[in-house]
Amino acid sequence: MINVEIIRNYDKWREHKQINKALIKKVTQNVLLRFDNFSKIKQFELSILLTNTAEILTLNKQFRNIDKATNVLSFPSNKLNWQDLCFSNVSPKLELLIGYDYMHLGDIAFCYEVIYNESYEQQKTSENHFIHLLIHSILHLIGFDHQNDTEANIMENLEIEILSYFGIASPY
């Protein structure tokens with residue numbers, strides 16, 4: 001089971017009824033089911049903040065020391081590594097988690113204005129762009145990153161595969 005908590009700090013998000021707990025749960029489940037190590041954990045929790053430029057700018061400054069608004073920020077609750085998920089049956093890090101019935105994945109903050117503007121510029125629906133960013137962020141929460149070309153290719157290929165499940169074309 002996946003429990004999703006959503007805080008909408010910006011009224012424009014309320015216009016997008018399709019961005020809701022059911023969608024977020026469905027996307028999260030689709031990502032997690034790709035990794036056998038998560039199958040033993042019975043309950044996951046994910047916190048979502050739907051906010052605006054001012055708040056995302058503050059968060060980006062505070063946590064990344066970057067004075068610029070961004071589309072999404074991910075804050076993992078656990079120090080996981082994609083290699084542990086992909087290349088081992090049960091890594092020592094994951095072994096600790098598997099003994100528990102519950103795992104808080106982390107927090108994700110989405111910025112309405114940046115996502116809306118990117119959607120317009122890239123000629124895609126804001127919902128499809130949101131789904132892509134959600135997939136990207138969940139992958140960050142479970143240890144994926146794009147610090148080099150190899151990591152970026154692995155992460156992008158996973159995103160493309162998951163997006164195709166939702167009928168969304170590759171953004172790359």
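Each residue, glycine too, has its Cβ placed from N, Cα and C.
Taken from Swiss-Prot as is:
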type	residues	note
BINDING	H136, H140, H146	Zn(2+) binding site
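Feature map: Swiss-Prot annotations on the structure.
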residue : record              : CB count, 10 Å
H136    : Zn(2+) binding site : 23
H140    : Zn(2+) binding site : 21
H146    : Zn(2+) binding site : 15
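Listed in chain order, the residues near the Zn(2+) site other than H136, H140, H146 are S74, S137, L139, F144, D145, M155, E159, each with its Cβ within 8 Å of the site Cβ centroid. For the recorded site, H146 (Zn(2+) binding site), the DSSP three-state label reads coil.
In the three-state DSSP scheme, H140 (Zn(2+) binding site) is classed as helix.
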